Each structure stands twice: as C-alpha cells, then as structure tokens.
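Participant: The structure is given below, and queries will be raised subsequently.
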Amino acid sequence: MKGVHFLISTLAILASATFLVSASDPSPLQDFCVALNDNKSAGGYFGANAVFVNGKFCKDTKLVNANDFFFSGLQNPRNTQNPLGSNVTTVNVDQIAGLNTLGISLTRIDFAPNGLNPPHTHPRASEFLVVLEGTLYVGFVTSNGDGNRLFTKVLNKGDVFVFPIGLIHFQFNVGHVNAVAFAGLSSQNPGVITIANAVFGSKPPINPDVLAKAFQVDDNVVDYLQKQFWYDNN
C-alpha cells in the first residue's frame, strides 16, 4: 500500500512540474540554439512550407559567434515626443538571436514627465521592473475570479516591482523630470497587447454594438474612440 501511495505522490509531483514548465518557455536541450530567421538558412531541410511551432530554427553551432549574443545601445535615451510620452525599446529574440529557447528578454522604457506606458498585458511572460531614474506610479489588475483587484505602488530610483504573467498592468511617470526603467520578462518573445489599441483600434474594427454593450456607453462614444489614432509606443 505504501508503494501505491508513493507512486501516486510521485505522479502528482511530476504533473505539477509539467504544468509549471508549460507555463513559460520550454527549457533548452542544448547549450544554445541561436535563431535563424528563415528555414532556407537552415539548409532547407524542412522545405519551403515549414511551420514555426515554438521558437526558431537553430543556427549551425560551428557558425555561432559572440555577436549572436550581443546588443548595443540601451544606454541611449529614446524619443518620448509622442501622444503617450513614453518609448519602449525591446530586446527579445528578434534583436538577440542567442536568446532563442532561453526564456528571457529585456526592455528599456523611457518616460517624459506625465508619460504613460498604457494598460497592457504580456500573454507569455511575467515581468519585473526596476526604476533607474525618476518616479513611477505602477500597478496591475487581477483577473475576474479575484475580483479585479488593483495593486499599485509609487516607485523611486532603485525600486523593483513585479507584474504577474497575463495581467493588465501600467506604468505612469508622476514626477516632473524624465524617468527610465528596465524590465526583465520571462520569455524570449513575451508579446504585448495594449488594451486600448486592441479594443478600439483593431483591424477590422470590432462591431460598435459589441463595445457599446460591453462598456455600457452610447454608440457615439464608441464611434469616437474607434476613429482615434491609437499610438503604439513599442
């Protein structure tokens, strides 16, 4: 009987581990898998109609060099003269091919005074944010099942805040000077969905009756919002 209980416990642990692994990028099975942008570079082995399931094809390890793991320029301030007053510089697998299969990426976020990185989600990654300069008001909203609770904090230089995977979150510069933050994400390609852009700027537009009903506003309000230019700061 003890053997049966041990087997059940072992299976439960393995099931839990499998769930946790599947909740983020898969672990690599080799030292690295430097990404290729097309299957032709991989020798055409997979044919012209190859399907990219998760990640990218690997570069021949004999052709890999240090530049495949390198990116330069994050020390430079970005232009924040836009409607949001913010600019996100992304460093993921598209910028550093060596990030492929490693499950991490990075962003630099520049804020003008009153600049906003608007409510958005990362469908494939959790995020931790560290403030290098300035003062940011940050927060995230929990899921419906948790009552859509809002968690906020005012961050100063050196402070760190975590945003759980998939939850709507934002950062707002409440200071009178420029602010800079860096964010680490738990995916080589975390993705980003900016809520306002997705809801009111989708192509083609969502039926206004759907949005009017969902937001409980007049159709004219929806029509106005759908006609706006929804700026993408990424």
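The backbone N, Cα and C atoms fix where each Cβ goes, glycine too.
The shown structure was predicted, so the numbers you read here are calculated from the model rather than taken from an experiment.
Summarising the annotation, TrEMBL assigns oxalate binding site to Asn117, His122, Glu127. The Mn(2+) binding site annotation in TrEMBL covers His120, His122, Glu127, His169. Sequence annotations record features per position, and here TrEMBL assigns disulfide bond to Cys33-Cys58. What TrEMBL lists as domain 'Cupin type-1' is 72-223. TrEMBL lists 1-23 with the feature signal peptide.
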Participant: Quick check: which same-chain residues outside Asn117, His122, Glu127 lie with their CB within 8 A of the centre of the oxalate site CB atoms?
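Facilitator: Near the oxalate site, beyond Asn117, His122, Glu127, sit Thr107, His120, Thr121, Ala125, Leu129, Phe163, His169, Gln171, Ala183, Leu185, Pro190, Val192.
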Participant: Within a 10 Å radius of its Cβ, which of these disulfide-bonded residues (Cys33, Cys58) has the fewest neighbouring Cβ atoms?
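Facilitator: Candidates: the disulfide-bonded residues Cys33, Cys58. Fewest Cβ atoms within 10 Å: Cys58.
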Participant: Using all protein chains shown, find which of the binding-site residues His120, His122 scores highest when you count other CB atoms within 10 A of its CB.
Facilitator: His122
Participant: What's the CA-CA gap between His120 (Mn(2+) binding site) and Cys58 (disulfide bond) in angstrom, rounded?
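Facilitator: Answer for this pair: 31 Å between alpha carbons.
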Participant: Take the mean position of the Cβ atoms of His120, His122, Glu127, His169, the recorded Mn(2+) site. Which other residues of that chain put their Cβ within 8 Å of it?
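Facilitator: So the extra residues in range turn out to be Thr121, Ala125, Phe140, Phe163, Leu167, Ile168, Pro190, Val192.
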Participant: Between Cys58 (disulfide bond) and His122 (oxalate binding site), what C-alpha distance do you get in Å?
Facilitator: 25
Participant: Expressed to the nearest Å, what is the distance separating Cys33 (disulfide bond) and Glu127 (oxalate binding site) at their Cα atoms?
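Facilitator: With the alpha carbons as reference points, the distance is 23 Å.
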Participant: In angstrom units, rounded to an integer, how far apart are the Cα atoms of Asn117 (oxalate binding site) and His169 (Mn(2+) binding site)?
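Facilitator: Roughly 9 Å, rounded to the nearest whole number.
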